[in-house]
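S.K.: This is the structure I have questions about; it appears just below.
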Amino acid sequence: MRAERTPRAPHPSGSRQSSGSAQRVARKAGSKAKARRTPAPLTKAGRIRRMLITAAVPNVVIVLIIMAIALGGLMLAGSPMAWWYTIVAEAWMVFNLAPVSAAGVHISFLPALPALILAAVVAVRVRSAVKHKVSVNDLLTLLACVLGVPVVFTIIAWLMLWDAGKVYDVSPPNLAQALLRVIVLHLAAMVAGMGWRLWRALAKRYGVPRPLVDATQIALRYLAYLAIGAAVVFAVVFLVNISRQGEMMNDYPAVSGLGIAGLVLLSLLYIPNAIVSTAAVVVGSEFSVGEGSVSLFSAHLVPLPPLPITGGIPASAPSWAVALLIVPLGAAIYSLYKKRPSFQDVVVATVASAVIMLAACYLVSGDLGYYGSTGPQLWTAAGLTALWMAVVGCAVAAGFAFVAWRASRTAPAAAPAGTATEATDAAAVETDGAPVEPEREPITDPEIVDAEVVEDESQDSAPAEAAEEPEEEQKEEDTPADEIAEEPEEEPDKEAEEGDERGVAKPLSQQLKDQMGESEQGSSSADSPEEGERG
């Protein structure tokens with residue numbers, strides 16, 4: 001006898017297969033898109049060309065803007081076009097904070113806002129070049145291009161000024177000083193554009209501990225908070241001394257309205273210089289203008305240039321100015337307390353803050369014509385900035401170390417109490433006759449709280465299984481022998497029902513057993529009325 005196969009029901013995993021195929025297609029499309037985005041391996045010449053374009057674009061754009069503005073100004077003023085090359089060369093020097101000289105006046109205390117804009121554009125270009133996969137050779141090539149392009153432009157500008165000095169009353173600046181400032185500015189832009197992720201990857205590649213990079217980030221955060229506090233202090237002092245600006249402009253009655261607008265614009269360009277100088281003052285250093293100087297403890301001024309921004313410099317130091325020392329204190333505390341630094345982190349952050357402050361003060365200081373040396377004191381500003389970080393950092397690190405020591409002392413004391421409680425519970429369970437499952441006590445040991453849950457699952461499930469075994473044995477003892485004998489016969493029926501539900505055809509032997517079972521049930525039902533009549 002041949003059994004007919006019932007039609008197979010649709011498998012419930014059909015939808016899973018469709019979704020799985022969709023996922024495979026999506027992964028394949030994503031891998032193709034990623035392969036398209038990933039740049040193809042370049043040769044040495046191709047790598048240099050790509051990095052050279054990345055580094056040259058911002059510098060070329062700045063030069064074109066300078067050329068356009070200079071050309072428009074000369075045409076409006078009716079000046080000779082021969083001045084154009086000289087103006088372009090001098091403007092390039094100003095954009096890179098390189099010193100300029102004209103009519104016997106040497107100026108290296110230059111407005112930092114144009115240089116800050118140029119550095120920001122260079123950093124953005126560097127970031128776009130290294131945000132994906134980049135090799136060490138790519139970084140070295142990019143570094144050479146980022147520093148080489150402005151150095152070449154500076155040398156060209158210096159040669160233009162040297163040639164113009166034969167005709168006009170201009171002179172080229174000190175080439176070494178100009179190149180040093182250009183290199184420091186663009187190197188800072190390169191470092192900022194690389195980003196923390198790339199710096200951590202480089203540290204991991206060359207075996208440098210990652211806490212060193214994190215400590216440098218703490219130093220930058222500290223200097224950023226210090227700059228914000230210095231900007232607020234300068235704004236308040238500027239508003240308090242705003243009346244002095246009118247008095248200063250009254251000393252120059254020949255200045256027209258257009259000249260006043262130019263002075264206001266020039267003051268805006270000097271805002272970064274004012275913020276860095278104020279930061280140097282609030283840490284305890286001083287700002288000097290020739291023979292004059294200003295600090296939190298004293299002030300001695302000389303006649304200042306007729307700029308609105310110089311009107312914010314107080315003529316005398318008030319008695320409450322010492323309270324401004326809270327600015328570096330608050331900046332150091334706020335940058336440290338969330339990071340839980342160690343003493344090693346504090347040392348690295350101290351050195352990093354000193355180096356960065358020294359570079360910033362170097363770029364915003366210099367000679368201001370007949371006034372002479374102008375700007376914050378380099379070494380005292382860098383040293384006091386690092387001193388605030390060192391003192392506050394050591395105090396914070398010592399506090400966290402003391403808290404960790406207290407925690408390590410209290411943790412072993414809690415362990416014997418936990419073991420005594422477990423022994424008492426075990427003795428109570430042994431005295432009871434019934435196998436009652438013990439109640440689970442909350443874990444109070446901090447070392448066990450931090451443990452993984454996976455490790456504790458096998459240990460927790462074992463007592464539960466051991467407690468369930470007596471109940472199952474008790475049920476088996478209470479079950480009659482007839483029910484125990486009938487249980488094996490029910491298992492094939494259950495398997496057959498499951499086969500029917502799945503739509504799978506039964507074997508021939510199983511069908512014969514089912515027919516015999518139905519006939520036996522019919523005969524037993526037919527015999528049951530007769531037995532009732534006999535009773």
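Backbone N, Cα and C define each Cβ position, glycine as well.
If you look up TrEMBL, you'll see 1-40, 413-535 marked as region 'Disordered'. The compositional bias 'Basic residues' annotation in TrEMBL covers 25-37. Annotated transmembrane segment per TrEMBL: 52-77, 97-124, 136-159, 179-199, 220-240, 252-271, 278-297, 317-337, 346-365, 385-405, in sequence order. Marked as compositional bias 'Acidic residues' by TrEMBL: 447-459, 466-500. The compositional bias 'Polar residues' annotation in TrEMBL covers 508-527.
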S.K.: How about long-range neighbours of the transmembrane segment (317-337): same chain, 6 or more residues beyond its ends, C-beta under 8 Å?
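M.R.: The answer is 218, 221-223, 225-226, 229-230, 233, 282-284, 294-299, 346, 385, 388-389, 391-393, 396.
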S.K.: So which of 136-159, 278-297, 346-365 is most in touch with the transmembrane segment (52-77), counting Cβ pairs under 8 Å?
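M.R.: Comparing 136-159, 278-297, 346-365 against the transmembrane segment (52-77), the winner is 136-159.
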S.K.: Among the recorded stretches 97-124, 136-159, 179-199, 278-297, 346-365, which has the greatest number of Cβ pairs closer than 8 Å to the transmembrane segment (252-271)?
M.R.: 97-124
S.K.: In the same chain, which residue numbers or ranges, 6 or more beyond the ends of the transmembrane segment (346-365), come under 8 angstroms Cβ to Cβ?
M.R.: 97, 109, 112, 115, 181, 184-185, 188, 211-212, 215-216, 218-220, 222-223, 272-273, 276-277, 279-280, 336, 373-379, 381-383, 385-386, 389-390, 393-394, 396-397
S.K.: Spell out yes or no: are there three or more C-beta pairs under 8 angstroms between the transmembrane segment (97-124) and the transmembrane segment (278-297), with each pair 6 or more apart in sequence?
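M.R.: They do not touch: fewer than three Cβ pairs between the two stretches lie under 8 Å.
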S.K.: Do any residues, 6 or more residues outside the transmembrane segment (179-199), come within under 8 Å Cβ-to-Cβ of it, and if so which ones?
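M.R.: Beyond its ends, the transmembrane segment (179-199) has Cβ neighbours at 96-99, 115, 118-120, 122-127, 130-131, 134, 139, 142-143, 146-147, 150-151, 154-155, 213, 217, 359, 362-363.
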